[in-house]
Amino acid sequence: MDSNTVSSFQVDCFLWHVRKQVVDQELGDAPFLDRLRRDQRSLRGRGSTLGLDIEAATHVGKQIVEKILKEESDEALKMSMASTPASRYITDMTIEELSRDWFMLMPKQKVEGPLCIRMDQAIMEKNIMLKANFSVIFDRLETLILLRAFTEEGAIVGEISPLLSFPGHTIEDVKNAIGVLIGGLEWNDNTVRVSKTLQRFAWGSSNENGGPPLTPKQKRKMARTARSKVRRDKMAD
């Protein structure tokens with residue numbers, strides 16, 4: 001096992017512990033609490049994968065951080081902070097929408113890279129909006145927290161979430177997963193739109209009809225799907 005992988009996990013465990021203390025003292029806002037919960041699940045997955053105990057890793061992580069802070073000068077800290085771009089937290093969904101439980105009549109799940117896509121195949125002929133909470137850096141989507149598909153009535157019918165055992169994803173991973181989710185929902189004659197906020201930070205543009213610009217690969221895949229559906233309809237007639 002790579003030593004850097006272990007030390008990174010140990011430091012992450014300790015920093016999570018520090019952030020938990022902030023929340024316990026009621027100093028954290030809603031996005032801060034949301035990231036804390038998400039990172040807790042991620043740390044559990046990483047700990048299981050690495051075979052490391054989180055409590056023991058936290059103590060070692062504390063020693064690593066204390067050693068760094070002891071050697072760090074105030075001037076170096078100021079320069080480091082000034083040169084590091086700050087990420088922003090973007091919220092399409094409310095806390096209630098983000099944390100609400102939902103159920104599928106005809107569940108379908110697909111793993112696309114480091115992301116898990118879930119959708120209810122029983123949903124037909126609905127107008128659906130994709131909304132997401134995510135972080136942004138340099139005006140581009142950095143990390144997806146959670147994406148959900150909502151009907152006009154407010155029901156959740158689909159979701160994209162990071163895999164806990166596979167931390168880290170790119171903006172292309174997110175766009176590909178969105179393409180898969182849209183294709184799956186449109187299969188049942190649903191009309192799918194993407195929120196303008198998500199369009200702006202994922203694709204850098206906003207489409208009037210609410211649809212994201214698709215890659216040539218996604219367009220070919222959707223065209224094949226449409227032709228296959230037409231053939232089946234003709235055979236049924």
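Easy rule for this one: first residue shown is 1, then count along the chain.
Backbone N, Cα and C atoms are what each Cβ position is placed from, and that goes for glycine too.
As stated in Swiss-Prot, the feature motif 'Nuclear localization signal' covers range 34-38 out of the listed 24-28, 34-38, 69-73. Region 'PABPN1-binding' is the annotation Swiss-Prot gives to one range among 79-86, 87-94, 223-230, and that range is 223-230. Using DSSP to sort the residues of the motif 'Nuclear export signal' (137-146) gives these counts of helix, strand and coil: 0 helix, 8 strand, 2 coil.
In the predicted model, the region 'RNA-binding and homodimerization' (1-73) has a mean pLDDT of 87.
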